[in-house]
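A short write-up of the structure that comes next.
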């Protein structure tokens, strides 16, 4: 328990230091005009909003790396759900396309303004950079899961390979659940079909048709965020442990979600326009869902499964102890047998000595 408390204290300290660094970095970047939203130029909220944006960008971006380092350090990912990573990659790919189009395409921005009474999309540069960065790191973490052998939400890799109802892997060495495979294929197929339909019927400049597609991609990201945390929460519940799932990831993700909410509220107040909230449902939904599941993971780590070791770890340790005890039994038997034999020899020698002494005494008495 002392070791567990020490580990939690160290994780908390690392998270607090990282969050403080994110806030300081966000304030430094936000004080500059780089990435400042055009819709807030000249407003009292321009600099504070920019500071909040860069702060949650740093907090969210850094939050990926504790898990990457944990996987590398342990050379295994038995506490990390492969389903979670697959959903993350799909979601961030959709979100990267969504934010990039709304930020870089003048035609898409014009179409958005026509649909929202002249308001520009509430998509700052930090959102675009975060989405692209998150996609790259999620792909790398998925590669780690493939490299070290990943778990699905239902079972460990060892048990899934031996069970008749084992999950069908998307790639050799990557264990995902059947539900994940079906969902991934369905979502990717729907996105490809929608993109193909719009691309075949509209030109690149016909942005009125592309805007609904972008909303579809944003909705895809929200749905992926909604379902991606469930396999990880179920895996923690099944193992009765959060070992292998980095809590610093959760703490920084929670901080980023709160900062994102604060920026959305500040922008809406500064512009006196609720379309800032309703016009970017993807950003709002991602922040809300992330905060909700972060609270679940915090309860699992600090309350429900505090100090608990994984079921697989306990079973392996018990099996190894059983093996050690069973392997030591023949040795103990041989030692006991040898001790008994030595005692028997000693008794026989003593009896022989007594026989010899009695024989000598008998011979002397006869003479």
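Any Cβ shown, glycine's included, is placed from N, Cα and C.
Matching 21-41, 84-104 against TrEMBL, the residues noted as transmembrane segment span 84-104. Annotated range for region 'Disordered' in TrEMBL, selecting from 287-310, 311-334: 311-334. Listed as Cβ neighbours of the transmembrane segment (250-270) (distance under 8 Å, sequence separation of 6 or more from its ends, same chain) are residues 11-12, 15, 18-19, 22, 26, 37, 39-40, 43-46, 48-49, 52-53, 55-57, 59-60, 62-63, 66, 122, 276-277, 280, 283-284, 286-288, 290-291, 294-295, 297-298, 301.
Long-range contacts of the transmembrane segment (282-305) within the same chain, counting only residues at least 6 positions beyond its ends with a Cβ under 8 Å from a Cβ of the stretch, are 8, 95, 98, 122-123, 127, 218-219, 221-222, 225-226, 229, 232-233, 236-237, 240-242, 245, 247, 250-251, 253-254, 256-258, 260-261, 264.
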